[in-house]
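Visitor: Here it is: the structure, laid out below.
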Amino acid sequence: MATVLTRGKALPRATAHGSDSEKKDFDASSTSVASIPPLGEPIERKKHFWERSKPYDSEAIATLPSVFDDPETAEKYQPPAEWENAHRFDPLARWTWGEENKLIRKIDWRIMVWACIMFMALELDRANIGQALTDNFLPELKMNTNDYNLGNTVFKLSFLCAELPSQLVSKWVGPDRWIPTQMVLWSIVASAQFWLSGRTSFLVCRALLGMLQGGFIPDIILYLSYFYKHAELTIRLGYFWTAMSIADILSALLAQGLLRMRGVEGHAGWRWLFLIEGLLTLIIGIMAFLLMPAGPCQTASWFRGKGKEGWFNEREEVIMVNRVLREDPSKSDMHNRERITVGLLWKSLKDYDLWPLYALGLVFQIPFVPVGQYLTLSLRGLGFDTFQANLLTIPYTVGHMITMLAVAYAAEKFSNLTALSVTSQIWGLPFLIFFNVADLANTNRWVIYAVTTLLLSFPNPHPIQVAWNSRNANSVRSRTISAAVYNMAVQTSGIISSNIYREDDRASLYKRGNRQLLAILCMNIVVYALVKVYYVWKNKSRDKKWAAMTEEQRLDYLATTKDEGNKRLDFRFEH
């Protein structure tokens, strides 16, 4: 987020704990810069997730400078009265680092952990098809590799088509209502896969699963943005996608037991796998109705605390609302149950400044997805049995978790989202070259497995790019739509990926497909470079215009401009 300050005035600072200001009406006619309570300085955060937290003065003021510290500019960014958290907005509020960090840990426990659990449930029902493949799933349904590809394509196409409608419904009724509803509905379909009878029923179930699961991820991302600042969200999305990897590990371990149920009541093990994991999601979906509050100031319910207070007291709500809004005033643009009109939808879709990020979403995972999608099937082809094939997916999943978290932390530490994101492509380059030059038919199976594991352990920049998209949207309306469109681009890449490894290429261990993956990876490096160039150019153009304006012209611009979101001259794109 980069809303630049209008003035160059030095604001009062504090490095030690001072008395907290009583809440006052922020009136530009009676408040001056000199009367603003002291502000704090940023503290040094740890560079990597494995490090201990840096020492800091817990009594120091944590309230950082923002546009709300100048009465004249504060009026231009004032949250509307109908915003659900407006009663907790107080530009004169001050709090300490001790208070803020304690509150962040509480939000992590109450909000983030449950979001991760829900995502794990989605991943179990989305990815357990990989475990089913090792248990004679295709032969028993009289299907082949191309049928499996078609199923993946149907799932991803349905998922893609549901993204935007789901996000619009979620914005209208609230993610706290819509997400649990989605989970309950898709869990019923997931469990119903127990009764699959052939190609047609397989395709129908994949279509329904995609339709009902689509939109879940952007819904959750928008929901989390209510509670976290931008850099915090990037790190937590790293853990969010780590939860997906943990679900993949659990899925492999659960498959060890559930697939051994082959013969129970005369049914195959893969049927029990679908049924039991679907019922587990049903339980989590029902619990989600109780454990998802509508927003930071709406946590009170019979299940989430006593009386009117809920999970957070008044002081905590004031800190939650003001620390997020001071960083990004655009987060008060819309009520959390306000629907997006057709006009606003069209305005968001034609926001060309976000198209570079959609392009990244379309291509960045393609070099890796086909290899991972066919891993269990490939391992069976290399001579590993059903249970070995499932367990051998665990090492790359662990490696993937470590590298993904490391690159997410590094992106925030070095403030260079593009450079850290492109490391995924550079990582995959030597391994895809190996697959293209080696004689795989005569290569030791453990060597092939080792190279595949290293390739799939790539530092996935997905959490960085999702948060990057959220930052550069700079309005709730645009953030809602762009989250869905970005994820639609990612799902489109999944459709492309599902059709690179083909049945007629299987005998050569997908040599043709691997050539295509290498070519796409090289293209991706160029795409990342172009995205960097575009955002640097946009920011320099705005800097030039902003610097040419006098202070009075800037204030007049803020008072009269019709520019919105990331089109404002005082906004700078992250890159």
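Placement of Cβ uses the backbone N, Cα and C atoms for every residue, glycine included.
No curator has checked TrEMBL annotations; they are predicted automatically.
The region 'Disordered' annotation in TrEMBL covers 1-40. What TrEMBL records for 203-226, 238-259, 271-292, 355-377, 389-411, 417-438, 517-537 is transmembrane segment.
Structural setting of the listed features?
Guide: Away from its own ends, the transmembrane segment (417-438) comes close to residues 360, 364, 367-368, 403, 407, 410-411, 451-452, 454-455, 458-461, 464-465, 468, 511, 514-515, 517-518, 521-522, 524-525, 528-529, 531-532, 535, 574-575 of its chain (Cβ-Cβ under 8 Å, at least six residues beyond either end).
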Visitor: Could you tell me what the rest of the chain brings near the transmembrane segment (203-226), counting residues at least six beyond its ends with Cβ under 8 Å?
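Guide: 111-112, 115, 118-119, 122, 125-126, 150-152, 154-167, 169-171, 175-176, 178-179, 182-183, 185-186, 189-190, 192-193, 196, 233, 236-237, 240, 292, 295-296, 324, 331, 336, 466, 470, 479-480, 483-484, 486-487, 491.
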Visitor: Determine which residues of the chain contact the transmembrane segment (238-259) at the Cβ level, with the cut-off under 8 Å and only residues 6 or more beyond its ends counted.
Guide: 49, 112, 115-117, 119-121, 123-124, 127-128, 130-131, 134-135, 220, 224, 269-270, 272-273, 276-277, 386-387, 390-391, 393-394, 397-398, 400-401, 404-405, 407-409, 460, 462-464
Visitor: Sort out the residues at least 6 away from either end of the transmembrane segment (355-377), same chain, that have Cβ-Cβ distances under 8 Å to it, and list them.
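Guide: Residues packing against the transmembrane segment (355-377) from afar: 130-131, 133-134, 145, 152, 389-390, 393, 396, 421, 424-425, 428, 432, 452, 455-456, 458, 460-462, 465, 468-469, 472, 482, 485-487, 489-490, 492-494, 496-498, 500-501, 510, 513, 517-518, 520-521, 523-524, 527-528, 530-531, 534-535.
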